[in-house]
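Everything below concerns the one structure shown next.
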Amino acid sequence: MENSEGVKIESTVVTEEPLISALDIALFVVIITVAYFWYFKRDKQSSSSEKKPYTIQPSSLGSIEQTSNSSFIKKLKSTGRSLVVFYGSQTGTAEEFAGRIAKEGARYKMKGMVADPEECDTADLVETKEIQKSLAIFCIATYGEGDPTDNAMDFYEWLQNGDADLEGLNYAVFGLGNKTYEHYNEIAIYIDQRLEELGATRVHEIGLGDDDANIEDDFVSWKEKLWESVCSHYGIEETGEESNIRQYKLVDCSGVLPERIFSGEISRLKSYENQRFPFDVKNPYLSKIAVNRELHKSGDRSCMHIEFDIDGSKMRYDTGDHVAVYPKNSSELVDKIGELLNADLDAVFSLLNTDEESSKKHPFPCPCTYRTALTYYLDITSNPRTHIMKELIEYASDPKDQEKLKLMASSTPEGKKEFHEWILRDNRNIVHILEDLPSVKPDLDHLCELLPRLQCRYYSISSSPKVYPKSIHITAVLVNYTTPTNRVNKGVATNLLAQLIPTNDELPQPTIPIYIRRSQFRLPPKSQTPIIMIGPGTGLAPFRGFIQERDYARKEGREIGEMVLYFGCRKKDEDFIYENELQEYVANGTLTKLHLAFSRDQPEKKYVTHLLEQNADELWNIIGEKSGHLYVCGDARSMAKDVHSIIVKVVMEKGQMTNSQALNYVKKMEQQKRYSADVWS
């Protein structure tokens, strides 16, 4: 375009005595070309940065860490290693499991390293045969609707599209999934099968972890059998040496200048003071809370309608997307840890990886204070896994406490039972453990190494950008519950949000870091397509955005299809959220039908699934005769499964199909994005 304009300019300015010479024009074209390529290269880099996964690589003293050499084979060879453990992780669990396997390799004379497939040239897998007794292990999570995690996407596509000869590659796969979802461990299963198809040798059968049950138990059981297979395959024996070796070493940073110390930033130092677009998982936007109001009319529960101000941020979202909120732990719990361990929480420190070849130099942004680490970077409210029990043993001075920890860290039936009852059933977090085992006094820096990262929380966006381009709305239930030990556990994100109440314009408004995560939960391309929405409780959230968008189209004079909503809650006069809005949409014709189920307003409980069964003709008319779309949002464990069964039954009866034909019909709807689910367990 620039060149063609240059030619045009040249033709129009040429006269008998040209003012611009051929050399001037040539120089002009060169400059424009260089500028063109520079601009689009920068734009491409900016776009790709938005798509990068959650891999935190904070740097020592706040400088930006340089990406290490992508050849993991060179690292293996240069450091005398034979074990590499890849992870595909969205929340950090797969990465944690990978680290534990690599650490245990030392017990079997296999020095290991952890590798992020996004940072590696996975084509180098063909060269692992050059390393004696080499082994590649893959800890892979399945995410969303049967998708690979962000950091495993390139590897997954390489396997799909490539035909590399992987003969000589020895491998094993452990999958992380959730049985309440339809595509349970789909990615791990595919990788396991595909590696074999490409000629690799499976050293141990695939392990499938179920996060809906006890994924820690699944992992530990698989790992023990894995090492048995490894010993048999390579003809080696366990050395018997314990693997409780620190991965990070403590560095005293008391002399570091205050401006070089992290104070809660996710990746870039001072990123909240100096905000830069684009905003993503590693660079969230510090959004003001514009609105925070209660939706429940009465009762002892709370549901909040919250609006995040994104005016001026250049952030864009689509109806059906999710917003990620970065929470922080309560100061009460953080102070309690400091008190229990008699630690100075304001001491400045850094944890530096003892493996100099690792691309991950720190477990979280360093240097920082212990207070910052426990507040912003570490998960102190979830149930610790068994490996943490094992690491705490050495810090127990009371033999009884020591024996209890040893039992829970073991893989015996008695140990598993004790861990399940004392940790999982009684819902103890690390604070509760330190309270109930008073002789356990771990070094605070070691505890910071052991605890998993605090993860952002995702919420379905309950607004349409057509109506609210400068704000993002969410609908969130406040999480508070009493445990069997009579402690009150509080949701990390919702309890923080409940405190962020906007004040008058004269005072600074409360803020919180957010970013937008794209979703496939989308309205049909044509506004005339009829849709059915099933969303009890806060499952209504994305459908509020759907309805707003269709109402906007109607007001513009466009034809809109039927919109049928199934909503349920406990009591009409207590938790019927957005009641006035919904009734208004019914009155103006945007919402064709509103089916309501109030489960506790009558002696027999009534749910949206009961209403679906009663309206089989309406369901089939829209999804069968009119090829409409069906959407489900809410609980995956029971509601979404029940809805799926009802839909299959309706297709069988009204479509006059066999069970097999009906299942195929519904499956085809899912493939065509005519049956979409946004669910959680």
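Positions of Cβ are set from backbone N, Cα and C atoms, glycine also.
As given in TrEMBL:
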BINDING   89-94, 141-144, 176-185, D211  FMN binding site
BINDING   R301, T538, S599, R600, K605, K606, Y607, V608, T609, D642  NADP(+) binding site
BINDING   R457, Y458, Y459, S460, T475, A476, V477, Y481, G491, V492, A493, T494, W680  FAD binding site
DOMAIN    83-227  domain 'Flavodoxin-like'
DOMAIN    282-524  domain 'FAD-binding FR-type'
TRANSMEM  20-39  transmembrane segment
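Across the binding-site residues listed here (T475, S599), the residue whose Cβ sits among the most other Cβ atoms within 10 Å is T475. Candidate binding-site residues: G92, G144, Y184, A493. Nearest to R301 (NADP(+) binding site) by Cα distance: A493. Cβ neighbours within 10 Å of T609 (NADP(+) binding site), excluding its own Cβ and spanning all shown chains: 20. Closest by Cα distance to S599 (NADP(+) binding site), from the binding-site residues Y181, Y184, W680, is W680. According to DSSP, the domain 'Flavodoxin-like' (83-227) comprises 65 helix, 35 strand, 45 coil.
The binding-site residues near Y181 (FMN binding site), taking a 10 angstroms Cα-Cα threshold over the set R457, T475, G491, A493, K605, W680, are W680. Between the alpha carbons (Cα) of Y459 (FAD binding site) and K605 (NADP(+) binding site) lies a span of roughly 28 Å. For the binding-site residues Y181, Y184, Y607, the greatest number of Cβ atoms within 10 Å around a candidate Cβ is found at Y181.
With R301, T538, S599, R600, K605, K606, Y607, V608, T609, D642 listed as the residues that bind NADP(+), the site has a largest C-alpha separation of 26 Å. Note: N178 (FMN binding site) has non-local neighbours Y184, D210, D211, D212, A636, S681, i.e. same-chain residues 6+ apart with C-beta under 8 A of its own C-beta.
When the alpha carbons of W680 (FAD binding site) and G92 (FMN binding site) are compared, the span between them is 18 angstrom. Of all Cβ atoms in the protein chains displayed, 18 besides its own lie within 10 Å of the Cβ of G491 (FAD binding site).
Comparing Cα positions, G491 (FAD binding site) lies closest to G92 out of the binding-site residues S89, G92, G144, K605, T609. In this structure the C-alpha atoms belonging to T609 (NADP(+) binding site) and V477 (FAD binding site) are separated by 22 Å.
Spatially, by CA atoms, the binding-site residues A141, G144, Y607 include one closest to A493 (FAD binding site), and that is G144. Each residue contributes its Cα atom, and for K605 (NADP(+) binding site) and V477 (FAD binding site) those atoms are 21 Å apart. Most buried of the binding-site residues Y459, W680, judged by other Cβ atoms within 10 Å, is Y459.
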